[in-house]
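Below: the structure, in structure tokens.
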Amino acid sequence: MQAAKLKAGDEIRIISPANSLGIIAKDQLEHATKLLEKLGFTVSFAGHAYEQDIFGSSSVASRVEDIHNAFSDPQVKGILTTLGGHNSNQLLQELDYDLIAANPKRLCGYSDITVLSNAIYAKTGLLTYSGPHFSTFGMKLGNEYTVECFKKMMMGHEAVTVEPSEHWSDDAWFIDQENRVFEKNSGPYIINEGETEGTLLGGNLCTLSLLHGTEYMPDLEGSVLFLEDDFEVYPEVFDRDLVSLIQQPGFSGVKGLALGRFQRGSRMSREILLTIIESKKELEQLPVIADVNFGHASPIITFPIGGRVSLQALQEKVELKIWE
């Protein structure tokens with residue numbers, strides 16, 4: 001099941017299921033709002049989006065109410081999350097999945113939102129989207145690729161061929177918007193050759209691990225996994241989380257693996273990543289690629305959790321195509 005494509009004139013609701021809108025700089029919020037309005041959208045904010053507790057978030061009741069209101073409001077067509085965080089999984093057992101299924105909307109966010117995206121897909125069959133937060137649209141420089149990929153997936157009607165961005169960045173853009181540091185992007189590289197097609201699942205690996213053993217974990221059978229992690233996750237932790245995923249029921253039916261770009265603070269190198277992947281016998285026959293434009297470095301693509309993906313990784317050439 002998928003929600004209708006977004007179009008100019010649609011209302012997008014901003015919700016804060018993890019960190020609060022109150023921790024985002026005012027100029028960043030203003031820029032994000034203006035950019036979305038320039039794309040033709042009307043922007044509205046959830047009633048508790050700015051609410052903030054000692055953890056920089058808000059109560060479970062407030063966050064659940066905002067999610068339910070966003071899905072049940074007939075004027076709202078898309079939902080963007082404010083930011084990531086560490087507590088979206090607190091909401092899972094409180095959500096009304098029948099309400100969500102009866103009012104399909106395009107929910108988009110990444111990082112900690114991975115639990116919501118995958119849980120909603122697992123419980124309802126509704127496609128959700130890993131892509132920019134509302135706050136991401138507050139980036140003033142170097143955001144064109146992210147915005148264009150969002151438009152193609154959320155507003156376009158054709159399959160999306162994923163082309164690498166010309167440049168990438170891992171700087172603290174939200175602290176200093178003017179003095180950005182960009183590097184030339186050499187594109188994704190191949191760890192294991194092969195070609196496959198399957199259901200696209202995944203997101204932030206350490207967050208996805210929170211769903212293991214729960215009713216909110218999607219069925220891995222027939223999937224191609226898109227996985228990423230941030231600077232807090234060192235190679236040893238990524239390795240451990242990957243093993244945990246491999247040990248999940250249904251992993252034997254996984255058909256391929258695409259890894260997002262690691263942040264420099266993660267200390268992950270190409271050599272270390274190759275060592276990790278090549279040490280897993282369960283991955284030997286799967287096509288595996290790395291340095292795809294998603295994760296906590298920028299810019300990023302938007303991809304559908306529960307959508308379809310074809311992956312070709314042959315003779316040093318990578319082709320990725322995504323559709324709903």
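The backbone N, Cα and C atoms fix where each Cβ goes, glycine too.
Annotated in TrEMBL:
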- 12-131: domain 'LD-carboxypeptidase N-terminal' (DOMAIN)
- Ser111: active site, nucleophile (ACT_SITE)
- 197-311: domain 'LD-carboxypeptidase C-terminal' (DOMAIN)
- Glu228: active site, charge relay system (ACT_SITE)
- His296: active site, charge relay system (ACT_SITE)
Helix, strand or coil at His296 (active site, charge relay system), per DSSP? coil
Tally the residues of the domain 'LD-carboxypeptidase N-terminal' (12-131) by DSSP class, grouping H, G and I as helix, E and B as strand, and everything else as coil. 56 helix, 21 strand, 43 coil
On the three-state reduction of DSSP, what should I expect for Glu228 (active site, charge relay system)? strand
Please work out the number of neighbouring Cβ atoms within 10 Å of the Cβ of His296 (active site, charge relay system), leaving out its own Cβ. 22
I want to check the contact list for Ser111 (active site, nucleophile): same chain, sequence separation of six or more, C-beta distance under 8 angstroms. What comes out? Ala18, Leu83, Gly84, Gly85, His133, Gly203, Asn204, Thr207, Asp230, His296
Which same-chain residues, if any, lie at least 6 apart from Glu228 (active site, charge relay system) yet have Cβ under 8 Å of it: Gly203, Asn204, Leu205, Leu259, Gly260, Arg261, Phe262, Phe294, Gly295, His296
